[in-house]
Amino acid sequence: MLDAQTRATARPSGTEAPPIVAFEGVTKRYPGIIANDSIDMEFRAGEVHVLLGENGAGKSTLVSMLSGLQQPDGGRILIDGVERPIGSPSEALEIGISTVFQHSMLVPSLTLVENATLGRKWWQKPDRAGTAEAMKAAAERIGVNLDPMAVTGDLSLGERQQAEITRALMRGARFLILDEATAMLTPNDAARLGELMRRLAAEGMAVVFITHKLNEAVAYGDRISVLRLGKKVGGLAPDALKTLDPQEATNEVVRLMFGTRDASGAEEAHPDSTTVDRAAKPTLELLAVYAEAGRVPLQNIEFKVWPGEILGIAGIDGNGQKQLAETISGQAPVSDGRIVLDGAYIDRMTIGQRREKGVRYVTDDRLGEGTVGTFPMSINLLLKEIGQAPYWRGGLEQPEAIRENARRKVTDFDIRTPSIDTPVGKLSGGNIQKVLLARELAGSSRVVIFEKPTYGLDLANIAATQMRIREAAKSGAAVILISTELDELLALSHRIAVMDQGRIAGIVENEDGARHTIGALMSGAAK
Amino acid sequence: MTLFTDTFLIALIAGIAAAGVPLLLAGLGEQLSEKAGVLNVGIEGMMLGGAYLGFYIAWATESTGLGFLGGILGGMLVASLMVLFCVRMGLNQIVIGIALTLGAEGATALLHHVQFSRLYPRLSDVATWRIPGLADIPIIGPALFDREPVVYLAVALVPILVYVYRRTHLGLAVQAAGDKPAALDSAGQSVLAIRSFAVLGCGAMVGLGGAFMSIVGAGVFVPFMTHGNGFIGIVLAMLARGRPLWVLFGAVLFGACLSAATALQVAGVDIPTDVVQMLPFVAVMLVLLIAGRNAKLPAALGAAYVRGER
């Protein structure tokens, strides 16, 4: 396989070899969204090509088209300069494209050797000894140490990925896709994978590395492409990446990822911080909070939120924002530290007790934990008050009270629904969000946590939701706004905290220059 | 004790084989299907399909050999519905399985009624193969080594399946289809083809088990005659954790309970027959209580595979 590669690069033609895979205007639509909007991209041998983007930016769709799992709706795919569709995973393998997914694609109950022989003709006998030797040889060549006879389920995620990469090499891969490969790895394993990527590229392979960690992208990539809302918004070519120092490169990528309407750094409108009385008693206070149960453990989180203040939480997705929201709302346990609401400890309270004290959580998982899709809208509006008067009396539903409440909320929050009996799952994303807002903002709230409140909404609904966030703060509640949209945070928040790997990297007053400081904190440069 | 005469023991051990073979075939079939990720609750229906078609062909052609082939075909016919609905169309495996069982119960009873009305024609005895040497051992010899060829075939399936599961790519593919279908798919093999094969193979084995019940065991076809053997097969497959040999042990255990129930009645032991007939099912529950807790089932069992869904 590598011989073929050397021949390809040593081709006597005057121009350089065509890219192994090239996308020309590739488009993929799903019902309701354009996941990939006419993407142009090249993947060359000997290069680590990093795809960066937030969740929902279209990275996964792009990968599934490269690996043959999905077919584009428009545009052309060129393999070695010749137009050719990647019709199925087996066709991708024939071309030499191998994918290592975020979740291991090895059968846990089989040994590594057995996994490596999967896919051969069924009547053949697996040659365990021979395959094991080939596997060891391939592993050694790329400097990986593995035991081919180990049962996959007993290995760590890092080891499984190394095995998957080794297996791809054995199959003659010349194009390796690493889909969010470092997302679940420990920092050490991630660094090891980075080194491995460099070695593979040096051997002449094309590596596609999908991540949303900027430091990894800059450290391991030869070429960076940034996706945003299904579009390729830019990137750094190899020569640019070589000339820039890591910090400049990171800044450039941050700019591409989060967008700047005014790259010149002109004045932006900030919310008026004078409305917040910092001399008063804070509504919510987190004191050295640790929460170790989640996937991203929270460490030493400390901040205060005053009445009427909006505290933005910035950070690249998956750095502990969701854990923070769940820890405050009571859905995740606090392992150390205290949470104080209006001078009283709430960290030992249940979710229900905290809600009674005025803690509200508008989740981003709107159809998962936010609503019951098959229940009518009217019941979803009361999901957290089931059994309580006046909607339930003596355990019996009071249909008129429930309907009356629903009708009122529909008008107040401008929920567009065919009827109040419509199952909430049938509504559009924007209207489901309005149902959630109507439910969470009802009654007297003291702390409201919004998690990615405008994610996936259209402009009108974004505006409506942002108005609700401002109103919640105006009514005197302490608001925590978690978002990955920097523009949104800058437009709404009084202060912005940046989260990085489960810690607060810093808290910035929202004034001129905040954008730059936040960008620096996000990329870990300020450490 | 006068109860344990030679004749009683021979009858008891022969009874274990007679009752155990359908269970063994059902358990092995279900195991194949479950390994590939299809929870086959329709196995009882496949067994009835095999029992009916096997009996009918054996009666019509007066050939037990063709009868057994008919049984295999009958099981596969019902299994092909399972393939269509659950593997190809991805419908709920449990609902379809129950529907197939109920449907096969009704269909075979109706067909039998239309053809034979209230008559229950009896097949002549099935020829046995006497294994020289082994058949001369006292008690065990006549009970186990002078039997119908299907008995030997069923037992021979155990090492054959062990070999397939452990020594062939087919076995690896089947296990991958049940544990991580996406891995099999991305390795370039068709999950649907492997699962279809497994369900049809299950139907063939189970149908043969059904035909054994009607052709060898009873010599007649009676509606609903499989009474729960298929379901015990599901229990066996679950407890065996993917090992064919354990299915054999389980089939012998349950076969012994069933056989003892009959033998005790024949011997005139003074226990109410209802209590005696409960024996196998009490055994099922006991075994489930003791060993069911640790049953390790394939990760993707019961889930239809759709490419690209995670």
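Using N, Cα and C of the backbone, Cβ positions are placed for all residues, glycine too.
Automatic prediction, not curation, is the source of TrEMBL annotations.
As recorded in TrEMBL, the features of this protein are as follows:
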TRANSMEM  B:6-26  transmembrane segment
TRANSMEM  B:38-59  transmembrane segment
TRANSMEM  B:65-87  transmembrane segment
TRANSMEM  B:94-114  transmembrane segment
TRANSMEM  B:149-165  transmembrane segment
TRANSMEM  B:197-215  transmembrane segment
TRANSMEM  B:221-239  transmembrane segment
TRANSMEM  B:246-269  transmembrane segment
TRANSMEM  B:275-292  transmembrane segment
Recorded stretches the transmembrane segment (B:246-269) and the transmembrane segment (B:6-26) touching, at least 3 CB pairs under 8 Å: yes
Given the transmembrane segment (B:6-26), its same-chain partners at Cβ distance under 8 Å and 6+ residues beyond its ends are 43, 47, 138-140, 142-144, 147, 150-151, 154-155, 157-158, 205-206, 208-210, 212-213, 216-217, 226, 229-230, 232-234, 236, 247-248, 250-252, 254-256, 258-260, 262-263, 266-267
What same-chain residues lie close to the transmembrane segment (B:94-114): Cβ under 8 Å, and 6 or more beyond its ends? 39-46, 48-49, 51-52, 56, 78, 81-82, 85-86, 221, 223-224, 230, 302
Tertiary contacts of the transmembrane segment (B:149-165), as residues 6+ beyond its ends and Cβ separation under 8 Å: 17, 21, 24-25, 28, 31-32, 35, 68, 129, 171, 174-175, 205, 208-209, 211-212, 216, 242-245, 247-248
